[in-house]
Amino acid sequence: MVTNSSARRTLFRHRDFRLLWMGDTVSVFGMQIVGFAMPLVAIQVLGAGEFQMGVLTALEMLAYLLIGLPAGAWVDRWRKKHVIVLGDLARATLLLTIPLAFVGGWLGMWQLYVVAFLTGCITVFFDVANQSYLPELVESEAISEGNSKLEASRSAALVSGPAVAGSLVRLIGSPLVIAVTAACMALSSLLVSRIRHQEQVSDVAARRPLATEIRKGLALVLDHPLLRRIVMCTGTLNFAGGGVNALFMLYALTVLGLSEVTVGMVFALAGAGGLVGALTAERFGRLVGEGRSIPLGALICAVASFGVPLAHVLPALPTLIVGWTAMAWGVVVYNIGQVSFRQRLCPKPLLGRMNASIRFLVLGPVPIGAFVGGVLGHQLGMLPTFVIFCALNLLAAVPVLFSPLISMRDLPRELDAYRTENGSRG
């Protein structure tokens with residue numbers, strides 16, 4: 001563990017954190033590649049349209065609605081390191097079936113649906129464990145710095161992943177590119193498996209029924225006035241994001257006429273915006289206030305999202321670059337602020353349940369948004385659909401903009417601090 005006085009200067013020398021950091025970076029890099037290549041397989045190889053793209057994107061995230069809540073209670077009973085290691089290996093195995101099926105000549109849309117759904121189920125457990133693992137490795141005072149480092153490397157993966165994927169698609173085709181993701185998952189699993197820290201798992205005798213533990217996780221989130229507003233904002237942003245992301249690749253290739261390499265460049269530059277956000281989030285929080293950085297990040301993200309429909313009437317490439325880059329900066333600043341806040345706030349034994357409850361509430365809307373986006377795109381066209389979802393992004397920022405967060409320089413660091421001192425607000 002890192003001591004309070006030396007957390008900032010020694011995290012780089014914290015062996016277990018470095019292994020988690022490297023493993024997380026490689027895993028995110030691989031997910032960026034498959035996230036870029038999978039829609040291309042559907043569009044270019046299998047001829048998918050708006051509705052099919054909506055279904056595919058919905059299935060990728062459907063598990064958060066189906067098993068998102070019990071996943072947190074289960075993860076709290078298991079060793080998080082084992083969940084991360086086995087999750088990466090299982091996802092690698094599933095994804096390898098796509099290039100194998102393509103080479104064998106039996107790849108179909110239904111296989112993409114199945115792989116997307118099963119990979120999404122594993123990712124639910126993986127993400128809950130991954131997000132709950134950092135507080136196991138570092139002291140509370142180092143959590144914000146650890147999240148900033150993780151977000152910086154994830155943003156670097158966001159820069160390099162799409163650029164590499166776009167080039168590889170041109171060289172070997174989108175189905176074979178997915179094999180690169182499988183290799184990344186295997187390497188990530190190896191790195192995390194070398195972490196030496198021994199976790200404390202909950203006492204079997206002290207465990208309560210699963211339904212009771214799920215209710216406790218939900219109550220922890222929904223009863224806290226600030227967490228409740230953050231969940232409302234994030235869930236609405238993600239609903240809209242699900243609809244936009246389901247159609248964006250099809251829109252960029254068929255409506256805007258961009259190539260795979262150009263789309264990869266747009267995503268890479270957006271990743272650069274996220275990297276800048278990760279590197280400047282702490283400074284931005286000190287400048288405007290820790291609490292205020294959350295609503296401001298959400299507002300910037302919402303306004304910048306209009307770059308997607310505006311690319312149809314303005315020069316497409318520069319409009320997309322500016323919009324996606326600014327949106328990525330806002331998202332990362334928002335995420336670092338709200339994730340660090342809730343990790344500090346929550347007792348360690350409840351981290352899995354809290355994170356699972358929040359992910360259920362904020363990621364559960366993604367498959368619904370993706371499916372709605374596919375239906376609206378098919379019925380109304382992609383451009384009106386994008387305008388609807390971008391307007392929804394603006395509404396999403398309202399719960400945090402018109403809240404005590406906008407006037408807070410410092411956020412509470414104990415679970416009951418805000419409720420005790422400000423019980424009438426929220």
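Here the Cβ of each residue, glycine as well, is placed from N, Cα and C on the backbone.
Feature list (source: TrEMBL):
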type	residues	note
TRANSMEM	21-47	transmembrane segment
TRANSMEM	53-75	transmembrane segment
TRANSMEM	96-126	transmembrane segment
TRANSMEM	168-192	transmembrane segment
TRANSMEM	237-256	transmembrane segment
TRANSMEM	262-281	transmembrane segment
TRANSMEM	293-311	transmembrane segment
TRANSMEM	317-337	transmembrane segment
TRANSMEM	358-380	transmembrane segment
TRANSMEM	386-406	transmembrane segment
Taking a Cβ cut-off under 8 Å, which residues six or more beyond the ends of the transmembrane segment (96-126) line up next to it in the same chain? 38, 41-42, 45-46, 48, 52, 55-56, 59-64, 66-68, 71, 74-75, 83-84, 87-88, 90, 173, 175-176, 178-179, 182, 359
Determine which residues of the chain contact the transmembrane segment (237-256) at the Cβ level, with the cut-off under 8 Å and only residues 6 or more beyond its ends counted. 39-40, 43, 48-50, 53-54, 56-58, 61, 263, 266, 298, 301-302, 305, 308, 311-312, 316, 320, 362-363, 365-374, 376-377, 382-383, 385-386, 388-390, 392-393, 396-397
Recorded stretches the transmembrane segment (317-337) and the transmembrane segment (293-311) touching, at least 3 CB pairs under 8 Å: yes
Give the nonlocal contacts of the transmembrane segment (53-75) in its own chain as ranges (CB under 8 Å, at least six residues past its ends). 38-39, 42-43, 83, 109, 112-113, 116-117, 119-121, 123-125, 128-129, 132, 210, 213-214, 217-218, 242-243, 245-247, 249-250, 352-357, 359-360, 363-364, 366-368, 370-375, 377-378
Within-chain partners of the transmembrane segment (168-192) [C-beta distance under 8 Å, separation at least 6 from its ends]: 19-20, 22-24, 26-27, 29-31, 33-34, 36-38, 40-41, 44-45, 81, 84-86, 88-89, 91-93, 95-96, 98-99, 101-103, 107, 260-261, 264
Below 8 angstroms Cβ to Cβ, which residues of this chain, lying six or more residues outside the transmembrane segment (386-406), approach it? 225-226, 229-230, 232-234, 236-237, 239-241, 243-244, 247, 251, 291-292, 294-295, 298-299, 301-303, 305-306, 308-309, 369, 373, 376, 422, 425-426
